[in-house]
Amino acid sequence: MAEVKLGMKTQVPASVESQKPRSKKAPDFPIVEKQNWLIHLHYIRKDYEACKAVIKEQLQETQGLCEYAIYVQALIFRLEGNIQESLELFQTCAVLSPQCADNLKQVARSLFLLGKHKAATEVYNEAAKLNQKDWEICHNLGVCYTYLKQFNKAQDQLHSALQLNKHDLTYIMLGKIHLLQGDLDKAIEIYKKAVEFSPENTELLTTLGLLYLQLGVYQKAFEHLGNALTYDPANYKAILAAGSMMQTHGDFDVALTKYRVVACAIPESPPLWNNIGMCFFGKKKYVAAISCLKRANYLAPFDWKILYNLGLVHLTMQQYASAFHFLSAAINFQPKMGELYMLLAVALTNLEDIENARRAYVEAVRLDKCNPLVNLNYAVLLYNQGEKKSALAQYQEMEKKVNFLKDNSPLEFDSEMVEMAQKLGAALQVGEALVWTKPVKDPKTKHRTNSGSKSATLQQPLGSIQALGQAMSSAAAYRKILSGAVGAQLPKPPSLPLEPEPEPTVEASPTEASEQKKEK
């Protein structure tokens, strides 16, 4: 028994030891970033209401010191259009973490969206000091300098961005700067490099095709537009440009077939309805042409090319008062184009307002130094008024322009223009066919009026297509993959590269609007 008791005594301490309470759990100290994973999850799922609820809870727990929660809330405010509120929150993030370049980039972007481009450049320069190898900072600086019209600085920054990381949007912005400076050759070189880097980018292919189209290099234009349509058969900009090329060469039915496809994608496009209207004009369906052009004018009331075409069609239909109305409106928007004044003078002549017609011709002669039709029409008016000496002076000026054009280009003149010049030369006793030595090719379409008024132009008609501006404003979809564990600071969503604003578009070749009215 003694041994048993002794054994029990030896077991008691072990049992008591096992029943002692364990040491208390370590206290939970508040972790500022403990809800970051949940905030990030709601944000990438675009569940912004739930995201804002978690952010509010997190900021209450951390007394407003959670940088990531503030950052994401600022992003949501920006998406909702509250740019000023987002700017203030990004500035708070910059105060909490002054060495973080991402915070400064977002501050600068908000300033840019508020139109404060100079302030944005200053903040971007501060961010560049913290991270000198960020292509995004260089690109956005280039965009800001572009809006400030400091094109040299903008080019330097964009070239730096390309050295750090080649990106389609940077090429587009650099090409746009060259276009703003009027340097079409350099713009084409930039877009060629961009196409080499990204050969399947339909925006770049379409833009390059349009630039070649503007230069009249139809083979290369058709090649690049065809490539764009190969990768994206529904690319309405390329289809519109291809239709314009066909329209320029008189294939109105084929062009209308192309435009029918485009109308499904962009039914409210002013250039589309302008082109359709001029196709009907080339087919001599004038009522349909006016209907389409007036729709284009309704969609773009300040486009002078549409007004020009409306004036031209009304002249063809002998509706001279309406033609005067539209041509006057076009002159208000484009006061430096001599051909508009010539057409206005034709309308005024048929309205029997000779004094104002003479003034319009004087202005047309002053502004247009290349088109012999201006001088020919003016000479006809002067001859009809009995001023043969002044008419002879205008006729001789016309001869100089014709000789210059024949020496410098293989241009074929309108047969009715040649006939009228020969008749006027005979009437002025200067002989016939003095400058018309080349055979004349009849145009496909001629538009006459009972009053004997016909105007024509030696250049391609105006206002057929305006697709390049949209092509130059592609959006960047630049994102990073965000990952992280509970309690870890997640990477912040990057600031998107700034996108160029759509500018007034570069025109491609118009249609048979060159069949204008020349006075007889």
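Cβ from N, Cα, C; glycine included.
Per Swiss-Prot, the features are:
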| type | residues | note |
| --- | --- | --- |
| REGION | 1-66 | region 'Required for localization to centrosomes' |
| REGION | 1-26 | region 'Disordered' |
| REGION | 101-337 | region 'Interaction with PCM1' |
| REGION | 338-520 | region 'Required for localization to centrosomes' |
| REGION | 488-520 | region 'Disordered' |
| REPEAT | 237-269 | repeat 'TPR 6' |
| REPEAT | 304-337 | repeat 'TPR 8' |
| REPEAT | 339-371 | repeat 'TPR 9' |
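Taking DSSP states H, G and I as helix and E and B as strand, the repeat 'TPR 8' (304-337) has 27 helix, 0 strand, 7 coil.
Taken through DSSP, the repeat 'TPR 9' (339-371) splits into 26 helix, 0 strand, 7 coil.
Applying DSSP to the repeat 'TPR 6' (237-269) sorts its residues as follows: 26 helix, 0 strand, 7 coil.
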